[in-house]
């Protein structure tokens, strides 16, 4: 086996549709907050448990900022057949897989990549060749980017694995972190390989690097960059040709870089269309819909007393409509939104489109959507003004700054907000439930951390844009672990979308 394995050791307010307006006297209403304490594990505990390390703690020092874009290969013949691929090289791209790779090529066409690392396996290398077409530099094959080694399982149809291996196959599905076969621990070995890959990827002199590989190894690359253990296997999805973006920022004193997952699993197809999560059927889903952009602070001061009352600007109105159109593919059961105006406007757009599903040809009958204001989704005006990034506030926390105290309050109230969303899912296996939470990106960052059971310091390890959505599935129901299908998905915004990548020339900050 591996020589150095990881050892894993609200009720909502009554329904309402009214906007939040300034109360009499002009003073903003204070956000509600619980008294939950925030605690972090010590470094020693992190090394010996399934708790997260600090993001970037296992990475080498950097001399310059670097962006790494991960792409999973397109659909393969064994994907289509339902075979267990592992690191076998007998599978090749299907025509659908080739088309997916071409979509990814178009998606990334304007980016100025300095290098492309690829798995040597045929399905991944062919995907890389399609995406890399027309670029001068040669592909850089790296054997450690091959898919997870699954030994005797490789080549079996999934039902054959279940029939031949019984208990062992169930362990692979339910407890992959501790799964052992043929004297090996595949997931632990994979995590070791991913750490080794980062040494070479980050050592490349380029500022923007493309990596084309596989489902499991891309999961391991994302997780290890963030300091997450093998227990996070199958929690951060990678769909065929899904794109994930990681930003690495060097520390002034040398040390390990900071890491931010700019987006996870931006897929060629709609992220809400499928009813499965990593091959498992799921009927419970939470969608975090970031409110659209608002009028600038100077415009707001002219007629309100705070940023919380800022309405959507024209771009924000378009973003909210585009999000509503995307979610028409789903039957939304309830919408919980911040009582702040921009969130209510965004939620109302989603609700109105849902209830017009029959007129729009998406359903045969009107849909009824329960819309509720949730005070725990409200944020302080300081975060709306965006004078400081969350990363700056988190990193200055030891100074006890006012901004950090506000962030702690936001973090505390997010515990109740997350529980309210889980309560909305309802623990009823027989019914499908889709719950949409609408609010500012800052509150959604806390909810992603709550889902992943990460401490407050991880808020700066994720990024969300106005108008984006993030999708969380619950294949084991609301009492089970949430599976992150995607974060910061913006492709539905069309010409108003945030580019997956951006040119890095003369751009010192991402």
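Here the Cβ of each residue, glycine as well, is placed from N, Cα and C on the backbone.
Annotation comment: TrEMBL describes 1-36 as region 'Disordered'. Residues or ranges marked as compositional bias 'Low complexity' by TrEMBL: 23-36. Residues or ranges marked as substrate binding site by TrEMBL: 72, 73, 74, 75, 76, 77, 78, 79, 123, 158. Per TrEMBL, active site, tele-phosphohistidine intermediate is recorded for 73. The feature active site, proton donor/acceptor is assigned by TrEMBL to 147.
Locations of recorded TrEMBL features on the structure.
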| residue | record | contacts (Cβ under 8 Å, 6+ apart) |
| --- | --- | --- |
| 72 | substrate binding site | 212, 213, 214, 215, 218, 238, 239, 240, 241, 242 |
| 73 | active site, tele-phosphohistidine intermediate | 93, 97, 101, 119, 123, 124, 126, 127, 212, 213, 214, 240, 241 |
| 74 | substrate binding site | 93, 94, 96, 97, 98, 99, 100, 101, 104, 123, 127, 240, 241 |
| 76 | substrate binding site | 85, 91, 92, 93, 94, 97, 123 |
| 78 | substrate binding site | 84, 85, 88, 90, 91 |
| 147 | active site, proton donor/acceptor | 85, 86, 87, 119, 121, 124, 213, 214, 215, 216, 217 |
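For the binding site of substrate, formed by 72, 73, 74, 75, 76, 77, 78, 79, 123, 158 according to the record, the largest Cα to Cα distance is 21 Å, rounded to a whole number.
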